[in-house]
Structures are given as structure tokens and as C-alpha cells.
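S.K.: Once you've had a glance at the structure underneath, I'll fire off some questions.
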Amino acid sequence: MSLAASAGRGPGTMWSPTHVQVTVLQARGLRAKGPGGTSDAYAVIQVGKEKYATSVSERSLGAPVWREEATFELPPLLSSGTAPAAAAATLQLTVLHRALLGLDKFLGRAEVDLRELHRDQSRRKKQWYTLKSKPGKKDKERGEIEVDIQFMRNNMTASMFDLSMKDKSRNPFGKLKDKIKGKNKDNTSDTASAIVPSTTPSVDSDDESFSKDKKKKSKIKTLFSKPSLQKTPLSQSMSVLPTSKPDKVLLRPGDFQSRWGDEGDNEDESSSASEVMSQKRTSSTDHTQPNQSNFSLPKKEGLSFLGGLRSKNDSLSRSNVCINGNHVYMEQPEAKSEIRESSPSNSPSPQGFRKRHLFSSTENLAARSPKEPGEGGGMSSDRRLSDSSTKDSMKSMSLPSYRPLTTADSREGLSPANMEVATKETKDSKKQESKKSSLLSLVTGKKDVAKGSEGEPLPPVSEKEKGRKGVLVEAQLREEDLVRRPEKDAVPVASQWGSSQNPFEDAQISDLEASVESKCEPKPPVPVPRTPQTRAVKPRPHPVKPMNTTAPKITNSSLGTATIISENLINEALMKKYQPSDPAFAYAQLTHDELIQLVLKQKETISKKEFQVRELEDYIDNLLVRVMEETPNILRVPAQTGKKAGKM
């Protein structure tokens, strides 16, 4: 924003520059003073009493280039046009030729009135100025010089000028400070008011007897009503505001003993007055003694309560001290320590012994059970018998009831005890089958079954008797089946007594029994046609023992472990291995949850940084707008900064 835009505002709205920056760029058409039509030219810049000189442009052919700048402080340009102000606001440019011997030779000079240049409503003026001769000499062609002049306002120097004004009016707070300082220098009432905080003392209860003497009261009043101890309102405000409420002062007759004694000698007081004074002194001393004890004993008491700092042999700790009717005993921390020592964690109480014994007994049982199987032999054998009986009962339920074990293979595969049991079973089965055949022959009435009684004729049997006999036969067959089942159940139990207790051998025996059953299939003992009414044994749904369920479980578990191992191997192969020098090595060892937490933290920090960057950008934008409005000349400075001219 230039002053040309604000030309219509009038001189009242013009701003006053504090500095001027002069940049000497170049010159042309200079007279040659050196050999070969050259010159070693330099320029001198002067405003008021300050001078600056540029560097020497050696052997220039009448067109030296300097591009050097100098800054001068200006007086107020808008003041009235007096002679000193006009001389201080004139810019003088002098071009000289440097001579090796003697004085430098004059090439030309130019003068610029800065007030007129500022009134031209432009902050920056760049133009060519013609060089002239010295005043009083004939003008010649001396060439031109190009100068860039820029007016500036430094706010710091302007504020310094404002602060240095002597006729500036003081604010009321400054006047108040001056008054307070003057009072402190002249009077000593502030110190007196700080020493004596209040003029209305609180009288102690022992001073009631002193109220009879009116003369003494008047003397005390006159003592405190002296003008040297009175407060002025200013000193009172200074002493009361920064401090808290002062404590009350207890006045005793003993404090004014010497003053009253002197006055008593001067006035020749009676003997009654001296007796009163002696009574007052004794009462004051008696009054101060309990106060001293009250102030001293609580300190010791407080020290004694802090963790038992005193030893047990201390006389004060042993004695029962009575302070204001309260007995203080020093052995309370010891009682607390005794209570702590009698806690169940440290004391060997019977409950603690019982708990420890229980824990140790359970640990011993848990430790001995796998190591010493022989100690609990009775219990383990009973459990094994029950388990084996349940297994064999399941086997017998799954096998058919009419199984004969009479083959040689079965005898070879079994132990001698099992062989005897098997032979007994075959004999019993033969007897039962013969009984069945005889009963069936009786029921059906066929003659070919009864071979022994061929010649004896059978008596005729009615249909009712046949039905009754069939029912009886069915009942007998059911009873025989019930008796036969527990016998077969007991056979493997007896065989297991002699066999080993290894579960794998049990599985082998069961497999052998299954193979024996498959080899020796049961044959019908007698081809006798049966009616549905006389069928004794129902066919079982599972004539063959079911397959062992442990085998597929083992295979499934082995397959699962194999798949897990293969998956782990694949994952290890797919995982990329990082070297310790790689920065990714620090993150390769982290778990999934740790990586998620790390990402969230990084995201939070990035958001905070983005917020800070946004705030800085907004601040810079606002600052740039402010600079453009107030001092746009900063933005007009060219990128190439000129050299500084040397001060002369």
C-alpha cells in the first residue's frame, strides 16, 4: 500500500519515516582522471554529519558500478522548515577519483532534498541525478549517478522516541508511588506500624485486679497513644494488605516493670502501691511458668510419638506425664509391635500347623501315587477288577450266547486256566443242547430225536398240553440263559487274574478272541425245525465285537499333530528373516497386538504434529497479511542485497 493511493487523505494522515536507506547503484559519463581514459572512482554518501564511502571501482571507463547501500537516521520530516532541520534532511552524493599521491580528485556532486522527495508521495525513489561542480565554480559535463532512496519506519526507534519525551504526563499509579516513596523517606511510621500490629490490646484475665488502679491504666493508654506509634492510612494499607491477620498481644504488668518503677520513685508512691506491684510480679511469673511448660511439653510429646525416637531407659518415657489432665504413656509403639508379632503369618499357631500339615500331606500323596503303586494294592486291584469286569461284560453282551469254544486254535491261543474254563463251557453247552433237543422232541412229538426209546410208543398228547409244555420250555430256556450269562462274564475275569495288567496286552487278547470267533463259527447242534413260539434265543444285532475305538483316535491325533507341524514349518518358511542391522528387525519380533498399539501411537503423534503445523501455517498467514497492510515495503526489497558502504 503506497502513499500515492492515500494522496487524498491530506497531510494529517501522512506517516513520518525514521530512517532512509540510500543505495548507490552506478554512474555514467564520468570524466577520466587516470591513464588511458580510465578512473578509479568511488562515491561518498552523507546525511547530516554521517558519512559512508563505497568501494573503489578501479580502471572504470567512465561507468563504474557499486551497488552499495547505507542507512541514515532521520529527524522528523514533517516539522516546520527550520534551517537545522533542512540541513539534516539533505542527501549529499560526491564522486571522487582515488589518487596514488596527494589528494583525491573531484569528479562531481549531487544534492537531494529528502523532505521534498517524501512529499512526492512515494516511499521509494530510484532515478538518475546529474553531477554538478563545486559551489562557486563553473559547471561542466560531469556525468550522472543512479541512486535508490527508500524511506523506512522502525517501530523500535519510534517507541524509544516516544518514551524519551520528558513532558509526558504521569498516570495516577505513578503519582501514588511517588507519594508512598516520599512518605517512606520522610517519616518512620511504616516501620513503627510493622512493629506494633494493633492499638487495642487484649487484656489477660490476671489483669482484672489491675483495673482498680486508674492511674496505671491512664499511663498505659498514654504509652500507646503516642504519635510515634500511630498509623497513617497509607502505612496501614501497606502493612495490612500483604500480610495475614496479626496475632493478639497479651499485655502483662511485668513488661512495664522498669517504667513503673521509675515513675514510682518520682511520685513517691505509698507502700500499698509497692505491695500491689509485688503481687503483680509474682502473679505474672506464676502465669508465665505454666505457659512455658505448656509450650515445651507438647514439643517433646510430638517427638516421642514419631516412631519411638527415645530409648526405653529415658526417665520421661518411663514416667507417666500428665499434660492438661491427659496421661501420656510411651509404650504404645511396643504394644503395636507385639500385636504385629502375634499375627498368624509369623506366629506358630495350631491352625497354621494344621494348614501346613494338610498341604504337605496332599503334596506327599500326589508325589507317592505315581511312584509307589504297591502300597495301595488292595484299592488298585479292586478298581482293576471292576474295570475289567465292565469291559468283559461289554464283550459278553456283544457276543452271541451260544458261542462254542472247542477248536484247537482257541486252545492254543489261550492260557491253561482259560483252556480249562473253555472245556467246561463246551461240556455245559453240550448238556444244555441235549436237554433242549429232548424238550423240543417232547413238545413237537417227533420220534427221530429220541433214539434211545425207539421201541416204546409215545402216549397221545392233546393240543392244550402241548401249549402248556411250550410255555414251560420257554421259561426254562430263559432261566438257563440268565444263568449262563454270569458264568461267561466271570470267565474273562478269572483269566485276567493270571494275566498281566498291561492295557496293550488286554487289547491283544481281545483281538485274538475276535479272530477265534471269526474262525470257529457256531454250528447248529441239531437241525430241528422250530416254531416262532418255541424260539429260545433272540438274535443279537451285533454278532461280532465292535472295532476298537482307540485306533481312529490315535490316527486322528497323529494327523492333527502332523498338520500343525506342517503348518508351522510353512509359516517359518514364509516368514522373512531380517538381519540385526536392518531397521525392520526391531519390529519383526513384536506380536500382533503390540504392532497394533504401536501403529495407534504413531497415528496419534502424527495427528498432533499435523495440528501444530496447521496452527503455524495460520499464524504465518495472519502475520503476512498484517505485514502487507502495515509495511509492504519489506516485500518490495529485491532479492539481490546490496553491499554495505564503509563508514568514514
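Positions of Cβ are set from backbone N, Cα and C atoms, glycine also.
Pulled these from Swiss-Prot:
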COMPBIAS  164-188  compositional bias 'Basic and acidic residues'
COMPBIAS  189-201  compositional bias 'Polar residues'
COMPBIAS  227-242  compositional bias 'Polar residues'
COMPBIAS  271-296  compositional bias 'Polar residues'
COMPBIAS  314-323  compositional bias 'Polar residues'
COMPBIAS  381-394  compositional bias 'Basic and acidic residues'
COMPBIAS  422-436  compositional bias 'Basic and acidic residues'
COMPBIAS  445-454  compositional bias 'Basic and acidic residues'
DOMAIN    1-129  domain 'C2'
DOMAIN    576-638  domain 'FIP-RBD'
MOD_RES   Ser205  phosphoserine
MOD_RES   Ser209  phosphoserine
MOD_RES   Ser237  phosphoserine
MOD_RES   Ser304  phosphoserine
MOD_RES   Ser319  phosphoserine
MOD_RES   Ser343  phosphoserine
MOD_RES   Ser345  phosphoserine
MOD_RES   Ser347  phosphoserine
MOD_RES   Ser349  phosphoserine
MOD_RES   Ser361  phosphoserine
MOD_RES   Ser386  phosphoserine
MOD_RES   Ser438  phosphoserine
REGION    164-470  region 'Disordered'
REGION    483-503  region 'Disordered'
REGION    516-555  region 'Disordered'
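Where in this structure would I find these features, and how exposed are they?
M.R.: Here the compositional bias 'Basic and acidic residues' (422-436) has, by DSSP, the following mix of helix, strand and coil residues: 15 helix, 0 strand, 0 coil.
For the domain 'C2' (1-129), the model's average pLDDT works out to 82.
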S.K.: Please work out the number of neighbouring Cβ atoms within 10 Å of the Cβ of Ser438 (phosphoserine), leaving out its own Cβ.
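M.R.: So the number of other Cβ atoms within 10 Å of Ser438 (phosphoserine) is 13.
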S.K.: What does DSSP give as the helix, strand and coil breakdown of the domain 'FIP-RBD' (576-638)?
M.R.: 48 helix, 0 strand, 15 coil
S.K.: Look up Ser438 (phosphoserine) in the DSSP assignment and report helix, strand or coil.
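M.R.: In three-state terms, Ser438 (phosphoserine) counts as helix.
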